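Asker: Supplied in structure tokens, the structure appears directly below.
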């Protein structure tokens, strides 16, 4: 379809007028240089290599640390936390939920602040809370749509490694004999201090945008921006919170399908994360053995994370299929835990490992936001709504794990299975919606034509959402 020359939107800087410092994302680069710079495959590979070498370890190590301290509550139950605090009935369930109430309360302020504040600095200050949606925004800024599943998965590997290393760290702390501080208190203090310290590293080194990357020279910054223009997701439109895009996010069907999926699967996450140590201990292992036995859970997540994210990167339009696969595997795992006899330790442990595989969907779901939601404010709003659903799911999920059913927790396992089933249903609905919307746009606007670099830059700066950009098509 032939593109007509349209006058720029009144909020859109004319391409010839976009000069150094005219937008928050452009303080260190002249966007005229973006058009003038001639990128070669060799130069683009060099820039991509630098991005991978710098960003992925920085984000991955951070994600590992912040998830290790999330596991600490479950591990602390094996160090007599409930007995020392005299927790009765469902008080332990609520001790897990209270944590997510704090998450939930900050989700909306965070969606505003990630737009208004320098992103890298903000994430360094909010290192315990806003990391996943924040890193998804960073990934959307620096990588092409087809590159995003693998990169989202690369830094999310820290989640799987945290389960492995976290078990070893907790085991080591369990061997310490200290009459001054309880072992569970020591666990929280050590992990919390390390994560807090790493926040200062993020403040110093995590870039706010490609234009502010200290590890790239000016030409490389121009190439880094140039290579992601075809995303058309508005990641360069930072600094101004657009309330109109909030409303567009609220009335977008894909928003609520992603939110409902996230809510449902986190019934499972909330229960398994909070009660996995108790469940494993109920298989007949000692308390210290239970800490080490958690390590295969991380290994199972890692295997499926690499396989499904790698497949989604190599084979186009398969992200949602891979998410359905991971969720189905988790459902099979829950069935094994539920149906196998108490004497079948190996079978139940296999079920628990498979039951945690759905966590491999997190980078894939984040990649759907970074690839399919255009407009920086809209993207941050959808991320906030998904994060709120994540919190609610993790608040509600543990309430089904009834103390009287310890350590089997039949009701909790059934609730987790139900959440996974509904999660699959909403993923199927999301896939159908994307296919329908892409076909509708092809009928109305014609098939997507190759845009010139100038037109792609204009789309990137148009302050428009995915519903407003005629050439935008959703990835599946």
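One is the number of the first residue shown, and numbering goes on along the chain from there.
In case you wondered, yes, glycine gets a Cβ from its N, Cα and C as well.
Just so you know, TrEMBL annotations are computer predictions that nobody has curated.
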Asker: Quick test of your reading of TrEMBL: among 415-436, 437-458, where does it put transmembrane segment?
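Answerer: Comparing 415-436, 437-458 with TrEMBL, transmembrane segment matches 415-436.
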Asker: Is it true that the transmembrane segment (186-206) and the transmembrane segment (122-143) have 3 or more Cβ pairs under 8 Å, skipping pairs fewer than 6 apart in sequence?
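Answerer: Contact confirmed: at least 3 Cβ pairs fall under 8 Å.
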Asker: Need a quick answer: max count of Cβ pairs under 8 Å to the transmembrane segment (415-436), which of 97-115, 256-279, 291-314, 350-370, 382-403 is it?
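Answerer: Result: 256-279.
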Asker: What parts of the chain pack near the transmembrane segment (320-338), using Cβ distances under 8 Å and only residues at least 6 beyond its ends?
Answerer: 265, 268, 279, 304, 308-309, 311-312, 347-348, 350-358, 360-361, 364-365, 368, 410, 413-414, 416-417, 420-421, 423-424, 427-428, 430-431, 434, 476
Asker: So, taking each listed stretch (122-143, 155-174, 256-279, 350-370) in turn and counting its Cβ pairs to the transmembrane segment (382-403) that are under 8 angstroms, which one gives the highest count?
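Answerer: Looking only at 122-143, 155-174, 256-279, 350-370, the most contacts with the transmembrane segment (382-403) come from 256-279.
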Asker: Assess whether the transmembrane segment (122-143) lies in contact with the transmembrane segment (291-314), where contact requires at least three Cβ pairs under 8 Å among residues 6 or more apart in sequence.
Answerer: no
